[in-house]
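Quick look at what TrEMBL annotates:
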BINDING   A:Asp95, A:His203  Mn(2+) 1 binding site
BINDING   A:202-206, A:324-325, A:373-376, A:Ser380, A:399-402, A:Lys475  GMP binding site
BINDING   A:His234, A:His324  Mn(2+) 2 binding site
ACT_SITE  A:His399  active site, GMP-histidine intermediate
Amino acid sequence: MDLGQFDRIGPYQWQIPQSGGMRVPAQIFADETLLRDMDDKVGEQIRNVACLPGIVTAAYAMPDAHWGYGFPIGGVAAFDPEQGGVVSAGGVGFDISCGVRLHVTNLAAADIRAVQDKLAHELSRAIPAGMGSRGSIRLNDAEMADMLAGGAAWAVAQGYGRTADLARIEEQGKMAGATPEAVSAKAINRQREEMGTLGSGNHYLEVQRVDQLFDDAAARAYGLAPDQAVVMIHCGSRGLGHQIGTEYLREMAIAAPGHGIDLPDRELACAPITSELGQRYLGVMRAAINCAFANRQILTHLVRGVFDRFFDAATLDLLYDVSHNTCKEERHAVDGVSRRLFVHRKGATRAYGPNAAGLPEALSATGQPVLIGGSMGTESWVLAGDARSEAAALSSACHGAGRAMSRHQAAKLWTGSGVTSELAALGITVKSPSKRGIAEEAPGAYKSVARVVEVAEQAGLARRVARLKPMICIKG
Amino acid sequence: MASHGCDGKDWALYPHDADIGVRGCGDDPAEAFANAARALTSAITPLSNVAAREAVQLACSAPDLDVLFVDWLNAVIYEMSIRKMLFAGFEISIEDTALRATLRGETVDIDRHAPNVEPKGATFTGLRVAKGPDGRWVAECIVDV
């Protein structure tokens, strides 16, 4: 990325001043190295986002930002419905409510090590992963509608997990305002065999160990201790969300001129929040959020079932579940005035600071857990929301490492067998149906997640709490 | 993003940071669209791994050829998703901006096909349907995987 286009407005904050059709400035949180390594397309895309109607404060990109479609991955933008603000299907993406959940266990890493290969094998058998896999749960139309309205709360009522899990999920596991009746038959068809499936690409289930604590008090509040085993799941709303993204991206792109919106890039497809199309999208997107909540809740249930077969009285308590591809209605202070905004986070994590409304009581004093999925074989992170993030970036933080190279380049540099052997030598068991998929997801294909979270902390977006190292990785 | 054709081949995959670019070339839009769908399958598993055992018919229409290309790839992705199939054969006819096609393929065998990625949707990013200076048509866009 050419640094010449930026004003450095803070040690880790870079701004492209308002110009041309930009309604607000564009800001990227990064150090000089991360910024320089970003594709020029990130700058172009964040400038385009700043041109959209009704955007407030700035168009933001997180330290892990990379070239997306329309919005950059790692993009955050909020829109005011009273100012002609828009909702963008491109600003949420295809994998609606893709997110991460983390379970803390009462097991030590040594307990996992004693059964590691067998446990990895059984997890890979229990968790349908990869293209073409089928879940064991089939829903009829009425059950599908209940799931899309009820989210994880529906899943718990069906026996997948515990009531206590719900308090540890954004929106208590049930996104209000969902309109299952408006979800297309095609979207429902794509979900028929995909409940309780992991998906593919960068989605995974990992058994990890707590490698290092950075904030002892926050770690205690989160129930994290050194060398403890934890389980992380990264996946989203599966075929239903993909189809909704497909349908509304098209409809919004075609309808934009009729709404008086001149799109700098068709992928920024959007509609006024108050329009019929905008309202319809919000309803079905919220149904997809519930689908993602329910899907991850079912996966939790499947994982607990496997752990029960290996360990007496193993507990997998949900620390938190947070999405990183959403548009949420939130209140934020803008120039000292509380405003109702529609905040898009695409590859960015909501990061509420201490005492924010909506946090469970046990987490309130510490702030929301911000779960950062790392690349296979390196590390993942638990951060805590920082109160300063409200003013800095509408309570948002990064979501992962971000790719350093394309899948194509990675497949040329590594082989699946080679990566699997190298990780095995580090004590990490990888299970995946695709060797090429493993090569494309090689740890070296990603940026340093350690630097991304360090910059997120220094920029006041979220505080580092714990570093997690993988032991078992199940990938699609 | 190199974007000048298929370098003498019928189709190509091209890099994108997180996702995959698919490109098809041909003497007319229909051939370019069919070849782009071959590129899509090749992102998942080698084309030679997929047997053309079963036929699936589909049709779609759009306001223009660019959107028709995205609709075409998304229609193929939809059939892959609901039928758990991979396709190797694509016969297409295009009239104005409406398309009819027969896809030929087989049910995914996870062990044999070892699917590498799962396409989520074709995007408007990098979208181009155009006749090149050499008279060949190129159809391409980024697919979210």
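Cβ atoms are placed via backbone N, Cα and C, with glycine included.
Locations of recorded TrEMBL features on the structure.
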residue: A:Asp95; record: Mn(2+) 1 binding site; DSSP (3 states): coil
residue: A:Asn202; record: GMP binding site; DSSP (3 states): coil
residue: A:His234; record: Mn(2+) 2 binding site; DSSP (3 states): strand
residue: A:His324; record: Mn(2+) 2 binding site; DSSP (3 states): coil
residue: A:Ser375; record: GMP binding site; DSSP (3 states): coil
residue: A:His399; record: GMP binding site; DSSP (3 states): coil
In chain order, residues whose C-beta lies under 8 angstroms from the C-beta of A:Leu205 (GMP binding site), counting only those at least six residues away in the same chain, are A:Leu123, A:Ile127, A:Ala129, A:Leu198, A:Val231, A:Met232, A:Ile233, A:His234, A:Leu299, A:Val303, A:Cys473, A:Ile474
Cα-Cα, A:Asn325 (GMP binding site) versus A:Asp95 (Mn(2+) 1 binding site), nearest Å, comes out at 7
For A:Ser375 (GMP binding site) and A:His203 (Mn(2+) 1 binding site), the CA-to-CA distance in whole Å is 10
Across all protein chains shown, the binding-site residues A:Asn202, A:Asn325, A:Ser375 give the max Cβ-within-10 Å count at A:Asn325
Those binding-site residues out of A:Leu205, A:His234, A:His324, A:Asn325, A:Ser375, A:His399 that pass a Cβ cut-off of under 8 Å to chain B are none
The answer, for which of the binding-site residues A:His203, A:His234, A:His324 has its Cβ ringed by the most other Cβ atoms inside 10 Å, is A:His324
Smallest Cα-Cα separation from A:Asp95 (Mn(2+) 1 binding site) among the binding-site residues A:Asn202, A:His324, A:His399 is shown by A:His324
Of the binding-site residues A:Asn202, A:His203, A:His399, A:Gly402, the one whose Cα sits nearest to the Cα of A:His324 (Mn(2+) 2 binding site) is A:His399
For A:His203 (Mn(2+) 1 binding site) and A:Gly402 (GMP binding site), the CA-to-CA distance in whole Å is 13
In chain order, residues whose C-beta lies under 8 angstroms from the C-beta of A:Gly402 (GMP binding site), counting only those at least six residues away in the same chain, are A:Asp64, A:Ala65, A:His66, A:Ile73, A:Gly74, A:Tyr446, A:Lys447, A:Val452
In chain order, residues whose C-beta lies under 8 angstroms from the C-beta of A:His399 (GMP binding site), counting only those at least six residues away in the same chain, are A:Met62, A:Asp64, A:Gly74, A:Val100, A:His324, A:Gly347, A:Ala348, A:Thr349, A:Ile372, A:Gly373
